[in-house]
Structure formats: structure tokens, C-alpha cells
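As recorded in TrEMBL:
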DOMAIN    8-84  domain 'P-type ATPase N-terminal'
TRANSMEM  55-72  transmembrane segment
TRANSMEM  78-96  transmembrane segment
TRANSMEM  262-285  transmembrane segment
TRANSMEM  312-331  transmembrane segment
ACT_SITE  Asp377  active site, 4-aspartylphosphate intermediate
BINDING   Asp377, Lys378, Thr379, Glu415, Phe456, Lys479, Arg512, Thr592, Gly593, Asp594, Arg637, Lys643, Asn666, Asp667  ATP binding site
TRANSMEM  720-741  transmembrane segment
TRANSMEM  753-773  transmembrane segment
TRANSMEM  803-824  transmembrane segment
TRANSMEM  864-883  transmembrane segment
TRANSMEM  915-936  transmembrane segment
REGION    950-969  region 'Disordered'
REGION    983-1013  region 'Disordered'
Amino acid sequence: MGWKVKANDRPYHHLPEFQKKVFLCIKKSRYSGNAIKTYKYNVLTFLPLNLYEQFKRAANLYFLALLILQIIPDISTLPWYTTLIPLVVVLGITAIKDLVDDLVRSSQDQLSKWRNIEVGDVVRLKKNDFIPADILLLSSSNPNSLCYVETAELDGETNLKFKMGLRVTDERLQEERQLAEFDALIECEEPNNRLDKFMGTMLWQRERYPLDLDNMLLRGCKVRNTEECHGLVIFAGADTKIMRNGGKTRFKRTKIDELMNYMVYTIFVLLILVAAGLAIGHTFWYEEIGSKAWYLYDAKGQDASYRGFLSFWGYIIVLNTMVPISLYVSVEVIRLGQSKFINWDLQMYFAEKDTPAKARTTTLNEQLGQIEYIFSDKTGTLTQNIMAFKKCTIAGRSYGAEYRELVLKAASPDEGALVTAARNFGYVFLSRTQDTITIKEMDQESTYEMLALLDFNSDRKRMSIILKFPDGRIRLYCKGADTVIYERLSPNSRHKETTQDALDIFANETLRTLCLCYKDISTDEFEAWSRKHKDAQVAMSDRDAALDRVYEEIENNLMLIGATAIEDKLQDGVPETIAKLAKADIKIWVLTGDKKETAENIGYSCSLLSDDMQIHYGEDIDFVNMACECEAVICCRVTPKQKANVVSLVKKYKKAVTLSIGDGANDVNMIKTADIGVGISGQEGMQAVMSSDYAFAQFCYLQRLLLVHGRWSYIRMCKFLRFFFFKNFAFTLVHFWYSFFSGYSSQVAYEDWFITLYNLCYSSLPVLLVGLLDQDVNDKLSLKFPKLYLPGQQGTLFNYRNFFISLFHGIFVSLIIFFIPYGAFLQTMGQDGEAPSDYQSFAVVTASSLIFTVNLQISLDTSYWTFVNCFAVLGSIAIYFGIMFDIHSAGIHVLFPSAFTFTGVASNALRQPYLWLTIILTVGISLLPVICIQFLHKTIWPSVGDKVRPVGKKKPSAFQRGQRSRRSAYAFSHSRGYADLISSGRSIRRRPPARGGPQDSIREVPQREAENI
């Protein structure tokens, strides 16, 4: 049916034909009101809705089920709070984050001034007003009904754009009475999310007028430099284009995310198998021993099988900490911190435009350390997109010049350069109205009537204008790519060969070329064509295709004028960046709309191609297999859609991690398709940045984003996950060994409060800080040795092999932590003549051994020490002992006798030197294999990082006198500040005296060895 809007007629939009069914027989108007609600919660619904959303996650639901099981007395041997407290902490942190996000959304919904406007209303907007709906511009206080708008809220661009009302509404709708009597019927496209397109017609006083995006003021923009304007509401509220763009975009997940989820599922399976095995053990034990022991009689009358069934669920509860409840929250905290380090990095700050780097997502940081393919736009990404007119060829003769200054807001930098060059040759653009263009030609002013504008798009690759000269002649001028222009030249056109030779020369000099041509049109021919053009303009179906067909009819038999050549210089540091990324085994593809010769020469100039490479050309090659074997690929003459298709092909068939980088609206598709999208804030506005995951101002910052931040993030996350799984296995599996001595009866080996607080207080902070701050080498060495990037691409630091190593490491440590104290407690006598071999003292010794082992283990795994790391390790141990002595005190037992049952155990057990020796022996044996393996790895099987680290150097004193402090300028000569000390982790330390020798290139960096935050 399409979308119909009747001006000044609200009842029209409530007619039955415009009703839609919402529920059963309840109907409402298909036209949305203007009140917007993007927030999800209110005071009453926040708690139930947020909890519902959180319990849709499998892990949270699992722990809720455990909590319910713990309420059943026959099953649970653990009190309910051991699960409730960690669950509440996790849910609470997530709920606070969701609440903050929702409050931000709620504040953005406050548009009360315009809440009551409806589709079909005529509204008046003043200067600096936000546009409240998608509105058809009718008239304004400016000549020709021009209206200037700022679209920063829509696409991030701060430069003003102009919109223009139709001539008929400009002439007839200036007064309030005329606006009130306006009764046009608008027929247009249905509400959609296309910000770059609008198509409709206006039927008024028996005439049809075409409408397009230039006539529309979109919600979210702001009126500028226009005292007032009037418009007709076409789309309101949820139907507006900006609100339609608020839908879900493709959710990007990292490889580690997927692997982590599979490993959690693996732990679930292991948990069920272990619980089932222990339940079977309990069944046999009860039949053989338990049922015959008079002191175990409980008068419940349950047979062995039923008791085994209950034991299964009991062990599901006891061993639940194998599934780490705090894992996902910890990962989010680490990712948030890593994103902040990117934002704070002054080495990626572009002072010229006051543009810092920006991580626009917090979920993809470690994926930056695994990139295999980079897909890059050329213009504005590798180049500066600042155009300088360099050369031209006219009637077969070439000319050279250079003009840089831009004096108008052109539709593109190319057009700005052409108009500036024309001005310097004496042809000055003066003004333009809706249908005239005024030019000063060698001091003589001429006004041309614009009869039609045949606009550019990426498929046409050309643009034409039809003008009526002051003497009455009608002529079409066309500019475009040489391929499409040459196809449309008249057989009688001259200088084709000489112009083509000049184009090849320009392309070899990496200049951007455009062909220019013209065609004289008779009045009769134009009038016949104009009627077809008007019909195509008001077509409601396939308008673009209809217009293209009409354009084709007139854009033929063209006469060649010549060609222009515009220079677009490379950005600083592009060749060095590409060379460094190539050394990291990252394959770089450039996707450009340029002709082959221009693209190839740009490839050489930016070090993507080199003389020792064998160059292959082809259009019908086996694209994926052959192209992916090449060191570098350049795709020429590609459209925006084809760019995205290239990225999709490589993702689909090579299963590779991809990154796309671009600066313009034509790169948005490619940026969204890749695993990671990077936007460059350049000359073409902010569309690419608004669609990206990461953004900065210069291509050269990409090497730091990947080789430093990406690599660090990947290493940190892998180390965090490996240790997180290990510490939970080591903690939980002690219950497994204890079950062999407790009749498989699902009893716990530790005190209840230790189980509750282990992951929250005693072992979480050191590993969290490793995930945030750890470095194997500093940023300078990361950039100097790109091969350090390879482990991330190969996924060697976190995979199922590493997972099972963590599992077996946890099994080994839990075995030591249980059996050494067990052996030490057998037939033991304390100094006071009392046997310390009771269960509670045993629980204290095993728990203390575990805390020392886990915190010292993370200390061995820490490559980069700061005061914060040291404080976290010592603080975690101190917190453990402080809390333990508190909850074992008599005072708290008196207040809560049923919850705190280990009264005096810690003070009694830990005053025995024998038990301290047991703890030291347990910790020593647990750590000794790790120390030996690490020693062997560093000496016999060193990693790339181990080889890169300075060997045998003396550590400099923190305070050395008489030496000059040297500050690094390794990253593009930006002076250093302090914020990047946080992201790079360097301390400001003096450099030791330089020493000669063959290893100077490695030993150059000792000032950053003891890196502090």
C-alpha cells in the first residue's frame, strides 16, 4: 500500500485502512506517535526484568538451580550462602551496569517539547532547534528555501549540510495562512533505516512533484544558520530513520569467547561424570560398609541406590566451583580496562586534529592479537584525501600545475581541487540557486540555467549536468571514470589515443584521474528526454532503475574534452606500517575503486608491493585459493558492496580473523562485515568511525593497535583464563580426594566460609591484575620484533591443549594439597600433647596451603611486576588470614552459633610449628615442578618472547646520578606525556650506560625493564 501522509489532516491517518492488528482484535494506527521510549526499566520493573534477562544466561541459571538444591536437606552438605553470596555479587555487578546504561537511555528520551506531534502536522523550527521527526522541508527564511543542518548526532559529521524545499512550496508556503491551508498528499517509501536515501512524490493541486533526501530534515539533526523553517511530518517516533537504525547490529564475538564457552561446557560434562562416579562409589560403599556400621544408622530407611542418587546431587553442589561463576564478570572487567588503555595511549593521539584513539567496543580487544588479514581502503586511509590539482590533458595536449587551496564546501575533495584549479585559471564559481549557476569567466559574469542533474553513484561511476547557455544552447557535461566514459564516446570524438596515453602516464605517477566530455543537445531532443526524466522522477517503484535507464538514453555519443589528474599523497608512516605488519605474517589487501595502474603504483609507493615480488593479474582467477596464497592483494575498480563480499569470502573459506579499515561511507559495509572494523576519522566525515569497533586518525597507528595493544590483550586474556581454570580445579578437586575417606558421602573438605570467599576475596585480585597489566616484553620490543605477534595468529596460548594442561596441573596440586597434610596428620602428636589431627585443623591446613600455592603460582606466572601486583598477592594472603581468624573467633560464634562452627581452630592449629612445616612442604612440592619446567623452557625451549628479552644484562639502579634521561621517540615523533605510561606500563627510569657489543640492538631498552604503572 505504501506510506501516505495527508497534510493538516489528523483524522485521515486514523482511517480503518491505516489500522494494524496488535493483539487479537485490538488495532491501532500504523503511524507511530512521536514519544520515544528506548529505556527498558522503571522503578517497578527493574528488578524482575533484569533478573529475568540475567537468568537467561546458562551459567546464572545453573547456579540458581544449585541454590534450590542446597535448600533440600537430604541432598546438601553445604549451606545455601556458599552459593548465594557469589551469585548475588555477580548479579549485582551486572545489574548496576545495566541500570547505568538504562539511565543514560532514559535521559536521551526527554523530548517532551515535541511529544504530541503526529504524522501530517506542519511544524515550525527555529535556529538551533533539534529536528524532532523526519520532516519534509516546505519553506525557510533563507532564499530558495535553503536550510542548513548539522548531522553530528546522525553520522558524526560536524560540517553543515544544506537541504532545499521544492520550488513550488518555497513560492506558495511562506505565510502562516498558506501553511494552514496546505493539503498535499505525500506518497513515499515505508519507514526504513536508510539514512542515505528517501523516495516519494507530492500530489498537490493536481500536480505531482518528486521528493528525495535533499528535501528531508531527519530526526536527530539540528537547524543551523537558518532563522526558521517549516516542514511536514512524514515519519514520527519509532518510524524515523534514526530510530530504525537503533536495531540490533551483528554481534561480534572473539575466538577466545567461543573457545571459553566450549570449555565451560566441557567442565559441565566433567562435573557430571565425576559426580556420577562418586555417586556409584557411595552406593557400593553403603552396601558394603555404611549399612553395617551401627554408628552411621540414621533411621531414614533409604536403600543404597537411593542414597547414591542423593549423593550424585550432593556432589553436583560440592563440586560446583569447577564451573567458575565469576569468570564472565572478570573477563568483562579485564576487557574494559584494556579498552581504557587504548583510549589513554598518547602514542595514538593525533595532535593536529585533537583526535585520540577510541575503543568503541569492549568485547574484541584480544581478537586484535589474532589478525590474519587486513582489508584496507586506499583514499583517505592510506592517503591523506587532501587533493591537489597536478596535471590535465585537453584536446590531446598535457599541462601541469599545482593548486591546493580549497575555497568551498565541495561534495568531495576531488571536486574541491577541480573548482580551485579552475578559479586559478580565471573561471570562478560565484553562486548557485535551485536552477542556476553563476560563474565569472575571465572577468565576465555568466549565468547558466541548470536543466537537469544526473547524479553520481558507485554503479554509474559518472555524473552529468545539462545546462542552458545564455545564448540558448543546451549542452550536457559529464565527468567520470575513463572506463565508463570511453564506452559512451562518439565515433567522431578526437584525441582518444593521446588522452589514453596521458591517462596511463598520470596513473603511473599515482594520480587520480577523471575524464571530461560534452554533448550538444537540440531543444526537441531535450524536451522529449525531459518528459521521460520527469516520469522516472515520480515513479514509486524502482525509481533508481528508471532514472538509470533515462540517464543512459542521453549519456551517449559524447565528445571527449580531456582528463584531469589529482594528487592524493600517502599519509605519514604508511610504508613503514605496512612493512612491519607484513613481517608479523599479516596479509594486507587494498580494495580501491581506482584503475589498475594507479592502484599498482600506490602499492609500490606504500611498500605493499616490491620489485622482488612476482605480480599476477587476473579477473577470473580462483579468487580465494590463489589470492590467499599471495603476500599482498590489490583489488581494483571495486564497489562498496564488492568490498564487503571480498571480506566475506575470506572469512567463509579461510576461517581467518579479519580486520577492515576505512574512512568513508563507502567503507561502512566492509567495516561491519569484518571480525574487527577500524574507522579513520578523515576528510570524508565520520560514517566509518560511527560503524567501527576502533577508531583513530592515522593509518600508521594500526601497527600499535595490533602489535602492542592487540598482542598484550591476547597474552593477558590467555594467561588469565589458564590460571583461572587451574585455581578452580586445584580448589575443587580436594573434595574429590576427600571423598575416598568420607564414604563418598558428598562431605566438604573445607570450612563453609572458605568455600564462599575463595573466588571473591582470596584468589581473584592477583589474576585479575595479570589480565589487566601483564607484559612479556614492553611496547618498544613488541614493535621492533613483529614475529612476536605469531602466537596469537596460531592460537597457541589458549586452546584445548592448554585447558587440559590447566586441568592436570589442578589435579596434581589438589593431590599434593590433600595427601601431604593427610599423611602429616596421621598419628601425630602436638607440642602440648594433643593430637592436631581433627577434621577442622586439617581443613585449615589444606586451605592455607591452597592460598599460598595459588598466590605464589600466579607470582611465578607474572612477567611484569608493579607495586599493585605485589600488593594484590600479599594482600590476598593477608585478607585470608585476617578473615579466617575473625570467623574462627569466639565472639562471632556467640552471635551466630550455627553459621560459624570452627571456633578457635585457626589459633589452635597455626600455633603448631609442625603444621607450619606441613604447609611449607605442601606449597614447596606443589610449586617445585612448575619452577623446574619454567627453567627448562627458558633455557632449552625458549619462546620468541624469551629470545627477544635482553640476556644477561644488569638491572639498572632506580636512582643513577649524572645520566641524561632519554625519552623514546619510536612512535612517529610524538612527544611523550603520562597517560600512555598506564597503557604501556613504563616507569620513568634512567637508562644505564650504553655498552658496545653485538647485542646492542636488544639491550637498547633497559630503561623500561622494571615497568611500573
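Using N, Cα and C of the backbone, Cβ positions are placed for all residues, glycine too.
Predicted automatically and left uncurated, TrEMBL annotations should be read as such.
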For the transmembrane segment (78-96): best-contacting stretch of 262-285, 312-331, 803-824, 864-883, 915-936, by Cβ pairs under 8 Å: 312-331
Euclidean distance between Cα atoms of the residue listed as 'active site, 4-aspartylphosphate intermediate' and Arg512 (ATP binding site), Å: 15
Rounded to the nearest Å - Cα separation of Gly593 (ATP binding site) and Asp377 (active site, 4-aspartylphosphate intermediate): 9
For ATP: widest Cα to Cα gap among Asp377, Lys378, Thr379, Glu415, Phe456, Lys479, Arg512, Thr592, Gly593, Asp594, Arg637, Lys643, Asn666, Asp667 in Å: 24
Between Asn666 (ATP binding site) and the residue listed as 'active site, 4-aspartylphosphate intermediate', the C-alpha gap once rounded to whole angstrom: 9
Euclidean distance between Cα atoms of the residue listed as 'active site, 4-aspartylphosphate intermediate' and Phe456 (ATP binding site), Å: 20
Proximity of the transmembrane segment (803-824) to the transmembrane segment (55-72), 3+ C-beta pairs under 8 angstroms: no
Whole-number Å value for how far the residue listed as 'active site, 4-aspartylphosphate intermediate' lies from Arg637 (ATP binding site) (Cα to Cα): 12
Asp377 (active site, 4-aspartylphosphate intermediate), number of other Cβ atoms within 10 Å: 30
Top Cβ-contact partner of the transmembrane segment (55-72) among 262-285, 312-331, 720-741, 753-773, 915-936 (pairs under 8 Å): 312-331
Three-state composition of the domain 'P-type ATPase N-terminal' (8-84), taking helix and strand from DSSP: 33 helix, 9 strand, 35 coil
Ranked first among 262-285, 753-773, 915-936 for CB pairs under 8 angstroms with the transmembrane segment (720-741): 753-773
Close approaches to the transmembrane segment (262-285) from elsewhere in its chain (Cβ under 8 angstroms; 6 or more beyond its ends): 59, 62, 304-305, 307-309, 311-313, 315-316, 319-320, 322-324, 327, 725, 736, 739, 743-746, 800, 803, 807
Among Thr379, Asn666, the one of these binding-site residues whose Cβ has the fewest neighbouring Cβ atoms within 10 Å: Asn666
Protein Cβ atoms within 10 Å of Arg637 (ATP binding site), excluding its own: 15
